[in-house]
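TrEMBL has this to say about the protein:
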- ASP125: active site, nucleophile (ACT_SITE)
- ASP127: active site, proton donor (ACT_SITE)
- ASP125, ASP434: Mg(2+) binding site (BINDING)
- ASP127: GMP binding site (BINDING)
Amino acid sequence: MRIPKKPVSFCLSLFSPEFPRPFDSRISFVSGFHYKTPNFSFAKPKQIHSAGVNQLHMSYKMDKGQKAVLGDQRLGSELMESRDGVQEPCIWSSPEGGKDEAELGKRIFCNRSLNMRNIIAVGFDMDYTLAQYKPETFEKLAYEGTIEKLVSNLGYPEELLGWTFNWKYMVRGLVVDKKRGNILKMDRHKYVKVAYHGFRELTKEEKVGTYGNTLIRDAFDEPDYALIDTLFSLAEAYLFSQLVDFMDKNPGRVPARVDYARMYKDVRSAVDMCHRDGTLKQMVAKDPKKYINEDKSIVPLLKMLRDSRRATFLVTNSLWDYTNIVMNFLCESRTLDGCNFDWLQYFDVVITGSAKPGFFHEESNANLFEVEPESGKLINTDNGTPMAQVGNTSPSITLKKQNERCRVFQGGTVRHLHKLLSIGSSSQVLYVGDHIYGDILRSKKVLGWRTMLVVPELEAEVKLLWELRDSRKALQLMRSDRDHIEDQIHRLRWSLE
């Protein structure tokens, strides 16, 4: 399927999180919708559609009070023959374009219009973007590895080895108070709505006394606080809560001179040990199907982008050996024994060991090395151009014929990437990632890239919004009635004075 380079525009929709227990019942936000036309009439429900060719179609029904309710417009999809003769599924921008309905979780929500005509390169992160890890297995693996390091390397009691992990308990967006051993849920104004000490919820008085009774408002930043902003950090946050409970109930059982802040530091150190010694990645490499979700739409997606004459690139912090294993599984369903380099045909440039977010700083002096895929050997380059090796008259890297368009590198900076892809303006790049700070904020704020954030949690939240649409509408009407009654009460009081 080929994407014509035509303008694409979307409507803005802001959906509020509905988190699993214990952080699910204390905060409720009303969905907001911003629409540019000043003279908007709310007399009748109005549907607002996305525009654009071969893009996911979205529909919203507007009701009184500027509240957005997810519409029931169907997304059309059908099979289309690509240029290599293979029939592949595609999704059209209008419901009339196809026959089937696309899944709710496959829709795209945008807060700014995007004209794909201006995009000449589309890039992806790998971990938790193209590779969606299974939380019930991968996070459990990280949890168990962290405990093993705490016991064997940092002197924590062996009974920790018998602990279990509830992967549904924590969510991204929470804040860890390292000094007090608390987990916080705040609203957009940094007001603490829910607070837990270990697994005990703080009372309103405790919460206000700790976080709402200061002359200077706390910024909730490092070094005293830590954000749970990645899916990798869910397991360590859950383990920290367990350790807080354990320390409170068993004084003296943890290593000497350990307080809450030191305990959190130990957890972070144990997690880093698991990553440094390859414990996690070795297990994933042995059985990727156990830890990574299979997604048959990745290859058609990459083919579609390449057929539209756009460059594609991969920028990941993982090194080449692990990247090759994961991408083999995602693109070819191959495991460790059957790995090859066929998946490179879907990219123009692959950068491993990128050290994001530092990669996005143009002033960074990180060296760029070219990777020889067959051996993993690193070769010095001069801004991406292979340098002649002493005793070797050929500076170029020999790749297999089908992969001659793709080059693999390690390190470097965004300056190198722009040169390799002949990018003249940062606004010509669309980058897809999962880390709101490491992938999205830095690349957008520093460079001006167009960005797309992958938020797996949205699938359940949007589904919940749709299922509760009648209840939310009824709640809105009741609030309106309440306001009307309160106004009447005030008028009566004023008339009696």
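Note: Cβ is positioned from N, Cα and C throughout, glycine not excepted.
TrEMBL annotations: computationally assigned, not manually curated.
Here the CA atom of ASP434 (Mg(2+) binding site) lies 8 Å from the CA atom of ASP127 (active site, proton donor). Remark: the residue listed as 'active site, nucleophile' has LEU314, VAL315, THR316, LYS356, TYR431, VAL432, GLY433, ASP434, HIS435, ASP439 as non-local neighbours, by Cβ distance under 8 Å and separation of at least 6 in sequence. There are 23 other Cβ atoms within 10 Å of the Cβ belonging to ASP434 (Mg(2+) binding site).
Its Cβ placed at the centre, the residue listed as 'active site, proton donor' has 21 other Cβ atoms within 10 Å. Under DSSP, the residue listed as 'active site, proton donor' is assigned to a strand (E or B) in the three-state scheme. ASP434 (Mg(2+) binding site) falls outside any helix or strand according to DSSP and counts as coil.
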